[in-house]
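Enquirer: If you scroll down you'll find the structure; I have some questions about it.
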């Protein structure tokens with residue numbers, strides 16, 4: 001948590017500055033407000049609206065080292081801003097519990113997907129498997145991004161005021177519902193296009209089924225998970241836990257399971273009551289103007305309403321490519337077993353990299369002005385620096401990487417127990433799976449270190465941009481590496497179990 005200046009300190013500082021400095025401070029405050037409403041202290045003052053950037057509303061105004069009018073970023077005062085130092089023990093404990101919960105959620109999703117793939121509708125409409133990674137990827141695009149933004153807001157003291165807190169939450173939830181509705185429609189259209197390109201045909205009733213199930217699943221899942229996410233953030237703040245460590249993995253803990261269960265249920269209903277589901281989805285689409293209006297109530301969400309579409313749409317396209325790989329792999333009877341493990345490897349990689357991305361983003365928001373990097377730091381550094389540099393985020397990168405092997409061993413054992421416990425994964429399969437997961441997380445953590453700093457240097461908010469890209473790349477990397485592992489095991493004749 002950021003230690004805020006006391007009210008007396010602020011008043012004393014205000015009395016000691018010159019009138020010209022007070023004018024500059026007032027102007028900066030007007031830029032921070034996000035609209036033409038006045039600020040009230042002892043009298044009402046009216047300010048003209050100014051142009052904003054993505055990072056303007058994430059921090060209290062006093063955290064900037066210099067007025068934004070100067071446009072020259074300066075380091076923030078370490079005595080004014082800065083999260084408390086975390087011990088390695090507390091960091092591990094805060095990360096481990098939600099990480100295990102998230103892993104169990106992805107294991108459950110994998111088992112559910114394995115059961116559902118044998119259903120007639122999945123056999124008839126294979127494009128559903130192309131849609132699955134894109135729909136599950138919305139967890140990274142929307143829920144984890146919301147968790148990262150609100151975690152930064154908590155650490156920066158932006159949720160100390162009840163009115164500001166609920167305005168920020170309401171604006172972000174409305175924006176998320178809007179993005180979920182649009183992304184659900186785009187994901188279904190992308191799955192239909194990729195299916196048509198692969199098969200050479202795409203019946204219209206299949207397109208309608210994909211669109212209706214995707215939109216309804218995205219809308220309901222986003223609403224449920226958004227409410228849970230807000231509760232987690234507020235609860236973390238009250239009990240003194242760093243939300244960066246727990247919010248994003250808890251956002252993913254049962255996100256995959258809930259989303260996949262809703263998708264399968266929607267597919268079932270679309271076959272039984274297609275026209276009812278069409279009307280429900282039409283009503284969801286009709287709510288778009290209302291979500292747009294609600295998103296405009298807070299300056300931060302209003303900015304993202306105009307600038308926040310690029311990362312989530314590109315991430316959806318990347319996840320869809322991973323869906324094509326999954327679809328083609330599952331169609332081969334010798335490689336069909338991949339469907340149980342794909343949500344696990346993708347979910348674990350996305351969960352771990354989202355924690356690191358959120359931590360680095362919060363550190364930059366608290367310590368540096370937008371566009372400025374730590375002294376001697378380039379946007380991208382070598383992998384050695386990512387894991388062996390000095391600082392809490394370098395320690396967390398090592399911890400996250402070390403969690404991969406024991407975590408995946410636990411999840412493999414849980415899958416073995418859920419499937420009846422009759423067969424154990426073969427030693428070669430276990431080694432191949434662990435190696436693929438380790439390579440995936442290693443690449444993702446290095447990319448997170450590079451991408452977050454690069455976005456910050458360009459004045460982009462990493463909370464809104466980095467996690468969609470990283471989780472989508474995690475889906476693509478995980479599916480591709482796992483497919484290669486299964487293919488190699490099949491080529492050498494390993495059955496995958498003993």
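Glycine is no exception: its Cβ is also placed from the backbone N, Cα and C atoms.
Model, not experiment: these values are computed from the prediction.
For 1-38, the entry in TrEMBL reads region 'Disordered'. For 14-38, the entry in TrEMBL reads compositional bias 'Polar residues'. Among the features that TrEMBL reports, transmembrane segment is placed at 91-113, 173-195, 207-234, 246-269, 275-294, 303-326, 338-355, 399-418, 430-455, 467-490. As annotated by TrEMBL, domain 'SLC41A/MgtE integral membrane' applies to 132-264, 343-483.
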Enquirer: What is the three-state DSSP composition of the domain 'SLC41A/MgtE integral membrane' (343-483), stated as helix, strand and coil residue counts?
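Expert: The domain 'SLC41A/MgtE integral membrane' (343-483) comes out at 110 helix, 1 strand, 30 coil.
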Enquirer: Rank 246-269, 338-355, 430-455 by Cβ pairs under 8 Å to the transmembrane segment (207-234) and hand me the top one.
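Expert: The stretch with the most close Cβ contacts to the transmembrane segment (207-234) is 246-269.
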Enquirer: By Cβ distance under 8 Å, which residues at least 6 away from the ends of the transmembrane segment (338-355) in the same chain are close to it?
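Expert: Distal contacts: 95, 99, 102-103, 105-107, 109-111, 113-114, 117, 129, 133, 136, 139-140, 144, 147-148, 244-245, 248-249, 252, 256, 260, 322, 326, 329-330, 396, 400-401, 403-404, 407-408, 411, 415, 419, 433, 436-437, 440-441, 444-445, 447-448, 467, 470-471, 474-475, 477-479, 481-483, 486.
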Enquirer: Check the transmembrane segment (430-455) against each of 275-294, 303-326, 399-418, 467-490 and return whichever range has the most CB pairs under 8 Å.
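Expert: If we count Cβ pairs closer than 8 Å to the transmembrane segment (430-455), 467-490 scores highest.
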Enquirer: Is the count of Cβ pairs under 8 Å between the transmembrane segment (91-113) and the transmembrane segment (399-418), pairs 6 or more apart in sequence, 3 or more?
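Expert: Counting Cβ pairs under 8 Å (6 or more apart in sequence), the transmembrane segment (91-113) reaches the transmembrane segment (399-418), since there are 3 or more.
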Enquirer: May I ask which of the stretches 246-269, 275-294, 303-326, 399-418 has the most CB pairs under 8 A with the transmembrane segment (467-490)?
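Expert: When the Cβ pairs under 8 Å are tallied, 303-326 comes out ahead.
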Enquirer: Quickly jot the same-chain residues contacting the transmembrane segment (275-294) by Cβ under 8 Å, restricted to those at least six beyond its ends, or write none.
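Expert: For the transmembrane segment (275-294), the list is 170-171, 174-175, 177-178, 181-182, 185, 208, 211-213, 215-216, 219, 266, 269, 305.
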